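Listed in TrEMBL:
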type: BINDING; residues: C73, C77, H163; note: Cu cation binding site
type: DISULFID; residues: C73-C77; note: disulfide bond
type: DOMAIN; residues: 35-204; note: domain 'Thioredoxin'
Amino acid sequence: MIFLRKHAFKIAVLALCALMAIYLLTTLNVGGEPLRKLGQAPAYELTDADGNTVSIENTQGKVRLHYFYFSYCPDVCPPTTAQLAQIQDALVKEGAFGKDFQIHQITVDPNRDTPERIKQYAGKFDADFTGWKFLRGDEAFTHELAQQYGVSVIKTSDQQFSHTNFFILVDQQGEVRKYIQANEELQVGDVVKDIKRLLKEQDAN
């Protein structure tokens, strides 16, 4: 009893950490079941590299994988975009890319990420624009949108950006279904399994 009183705060912190771990395993872990509905995806209306309007509304009926980035990113964005290229290739083989599934990659640095710059960046990853939408809009709106999606964006003193790095998986009805930590330990095959699981949900309905 004395031990419990003496270490009550530490025990409470450990319990909180355990609860957070359980939460992360169910929302950030990839490939597990089921994919719970986590709330409606925030709405937006942005333009792609060709000037076409892309929004949550006009892409309803498709599974969408969102990623916030900027092309001048010196560290996490290029390898994460390379992971998206692998996802693209896998869904092309499934015959779902563009038709039933899209990638929405949204820049947080639209002032420097011009349409020309975006096309140059996308070309490095053999992006297929039929299903891979590189989007841009007003900087203030984009940063607010990122926050609504749970992504922290901070503009640093050297005109760079610090941001949290993960994917947001959204289903055909616009429901957020999973937050996926995008790092070097990510198994792309597991992300593809989650996407295919949502595609099968639509087929079942």
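Quick reminder: no glycine exception, Cβ is built from N, Cα and C everywhere.
When Cβ atoms from all protein chains are considered, those within 10 Å of H163 (Cu cation binding site) total 21, not counting its own.
Across the residues of the domain 'Thioredoxin' (35-204), the predicted structure has a mean pLDDT of 93. Around the Cβ of C73 (Cu cation binding site), the number of neighbouring Cβ atoms within 10 Å comes to 21.
The Cβ of C77 (Cu cation binding site) has 23 other Cβ atoms within 10 Å, all protein chains considered. DSSP assigns H163 (Cu cation binding site) to a strand in the three-state reduction.
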